[in-house]
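Here is what Swiss-Prot says about this protein:
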ACT_SITE  Lys129  active site, N6-AMP-lysine intermediate
BINDING   Asp44, Ala45, Asp46, Tyr47, Asp48, Ser93, Leu94, Glu127, Arg150, Glu186, Lys302, Lys326  NAD(+) binding site
BINDING   Cys432, Cys435, Cys456, Cys462  Zn(2+) binding site
DOMAIN    640-718  domain 'BRCT'
Amino acid sequence: MPTEGSTVDTLTIEEAAAELARLAKEIAHHDALYHGKDQPEISDADYDALKRRNDALEVRFPELIREDSPSRHVGAAPSVTFSPVVHARPMLSLDNTFSQEDVQDFVAGVYRFLGRLPDQSIAFTAEPKIDGLSMSIRYENGRLVTAATRGDGTTGENVTANIRTIAEIPNELPKGVPAVVEIRGEVYMAKSDFLALNRQMEAEGKQTYVNPRNTAAGSLRQLDAKVTASRKLKFFAYAWGEMSEMPADTQFGMVQTFKDWGFPVNPLMKRLNSVADILAHYDEIGLERPDLDYDIDGVVYKVDSLELQARLGFRSRSPRWATAHKFPAEQAFTIVENIDIQVGRTGALTPVARLTPITVGGVVVTNATLHNADYIQGIGNSGERIRDDEHDIRIGDTVIVQRAGDVIPQVLDVVMEKRPAEARPYEFPKTCPVCGSHAVRERHEKTGKLDSVTRCTGGFICRAQATEHLKHFVSRNAFDIEGLGSKQIDFFFENEDASLQIRTAPDIFTLEKRQQQSLTKLENIDGFGKVSVGKLYGAIDERRSIALHRFIYALGIRHVGETTAKLLARSYGTYEAFETAMREAEALSGDAWNDLNAIEGIGEVVARAIVEFYKEPRNVEVITRLLEEVTPEEAEQPKTAGSPVAGKTVVFTGSLEKLTRDEAKARAESLGAKVAGSVSKKTDIVVAGPGAGSKLDKARELGVQTMDEDQWLALISG
């Protein structure tokens, strides 16, 4: 993680510009994982450190503030799975505070901005910050008409059908409410319901969920509303968007009105009149936190008077009248009993610390990721020191373990005073512990730097990679085959009977046929039965036709997650077109290669990984056999009858003045256009704003149609 504060002043303008560029990309990556995929890979504390570093650099170098700066944007672009909803009023994020001094500064800033003296009391509300999914629910004439996620703050995802299944959210409001009401709040899953769901998943041999927040978000994004209904989601109302008339003149009064209208509101919300009272309530909520049946990660403070809120106004992405006081990351001390190596489906060797059990934040922690060989030595991904030189992690060490934001626990540091005399430096394996193949750290072709990850070179001869690949193939967001969980995959993979073996994905779809010709019947084996085997065969047959993006994601191509798979499916339309293009791009040059790199959201690293995947004969052979059993469907395109840009490839460049870049992209895609990140022969339109540079030049050189923002808006408004 970056260091903060004093080092900012020592940077040159070139160093600051380079770091701001890196931070913009890194924070956008984490925003997409958290808001778009509900799969955070760093803790809230580490994310906040990145944001603070970015803010500190922008204060010191205001001339370097970027168009894509995290300080200008909220969240991440909405998913392409659900139709976009443009919020009538933006759903902004809150600034964070981390200490009593920060809170005192926030309150003092409110008084200063309003020209109030300390003896002229200003009331604040204080309420728990729910760790769930932000939601905006619109009612017209008392009836629920639309529900949308936060998305990027301007445009969210339409999840109306799923929201209607949440019992705590009324479909109709009492008589006499304003004609237009937008209720905003948090959808969450109770801890007790989360534990019950995981027990059910375990009993069914399925993969369990990571935490309530991600589970709630994933449940809300189900295409089948019946699945959402089965998840027992809950809701707290705490804010509003568009209102045709205001039923109260204070924050507290508005929330109490929501309660009167039938919405659940948090019972721990209070109205307070001093910093001392605010901080005391923060401590009270912190003490209650372990006993609450829902996750919280801080306390939100808001100026109570709506008149004063209006006077205070907003910064670019947050209100001046509110802040979120975050809880510190939860830490504990324990002992490293052993270090094991896990091998993933891409061959990554990940060290895991086996710990003396310790309770952190109400959860018993027995394992913690050590990430890679460098992390064990105290070196971060960027090559910087993250611990003192001698603070490498050894078996027998007493370590500080942190669990923040429900991310996998991590070892922060070593307590050197308690290091046993016999503790020896950990030697990272040079061979795969599963198959014995050589384990290497790849060197980046352009930078010459070693990858932080050590990988097994065994490929599919490595049992760990093969089984993990199969588990990925049948996972929830890939083929999602009910009855084929982790335990079942291990059983079929290790079986010596040819009629029961599943070693590659095509074997799944030939299982029933092989069983019909065998004397060894699956239904006679412990753990199975006639009914469950019948259901398994039925579940397999249901997946003989599958959405294109799920098929691509299931292949397990390195760097290709769900979002990237959807981009590829939308861009190529059919699997045949996709595979043909990847083969044509084999030389990493030419039109097919350029077209792949031009897809918005696909960079050279991802593009290279996809092409390399198709250059491997073993992969092509497995896919060929798979296509004999499975039919990938054509990608569903937006309904764009009469759209002047349907099917066209559009590139936006320069500064847009009437739309944000995300808005422009969402509008174009909703009309059936494909948005690319670079100009090629296949580009149809380049929309150029002030500051357009090389992309505009290339468009003119290739004879591509160019227009300004006003011409674009006129074209799509028709």
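Quick reminder: no glycine exception, Cβ is built from N, Cα and C everywhere.
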- Given the Zn(2+) site residues Cys432, Cys435, Cys456, Cys462, which other residues of that chain have a Cβ within 8 Å of the mean position of their Cβ atoms, reported in sequence order? Val343, Gly347, Thr431, Pro433, Val434, Gly436, Ser437, Ala439, Thr457, Gly458, Ile461, Arg463, Ala464, Gln465
- Taking only the Cα atoms, work out how far Leu94 (NAD(+) binding site) lies from Lys129 (active site, N6-AMP-lysine intermediate), in Å, as a whole number. 11
- In sequence order, which same-chain residues at least six apart have a C-beta under 8 angstroms from Asp48 (NAD(+) binding site)? Asn96, Phe98, Lys326
- Query: Once the chains shown are all counted, how many other Cβ atoms turn up within 10 Å of the Cβ of Lys302 (NAD(+) binding site)?
  - Reply: 24
- Query: Taking Cα atoms as reference points, which of the recorded positions Lys129, Arg150, Lys302 is nearest to Cys456 (Zn(2+) binding site)?
  - Reply: Arg150
- For Cys432 (Zn(2+) binding site): DSSP state (helix, strand, coil): coil
- Averaged pLDDT, computed only over the residues in the domain 'BRCT' (640-718): 86
- Query: For the domain 'BRCT' (640-718), what does DSSP give as the number of helix, strand and coil residues?
  - Reply: 28 helix, 15 strand, 36 coil
- Note on the structure: argmin Cα dist to Lys129 (active site, N6-AMP-lysine intermediate) over the binding-site residues Arg150, Lys302, Cys435 returns Lys302
- Got a sec? Which of these binding-site residues, Leu94, Cys432, Cys435, Cys456, Cys462, has the most Cβ atoms within 10 Å? Cys456
- Item | Neighbour tally for Arg150 (NAD(+) binding site), based on other Cβ positions within 10 Å of its Cβ | 24
- Message: Just to be sure I understand the packing, how many Cβ atoms besides its own are within 10 Å of the Cβ of Lys129 (active site, N6-AMP-lysine intermediate)?
- Response: 22
- Query: Per DSSP, Arg150 (NAD(+) binding site) is which: helix, strand or coil?
  - Reply: coil
- Between the C-alpha atoms of Cys432 (Zn(2+) binding site) and Arg150 (NAD(+) binding site), the distance in angstrom, to the nearest integer, is 43
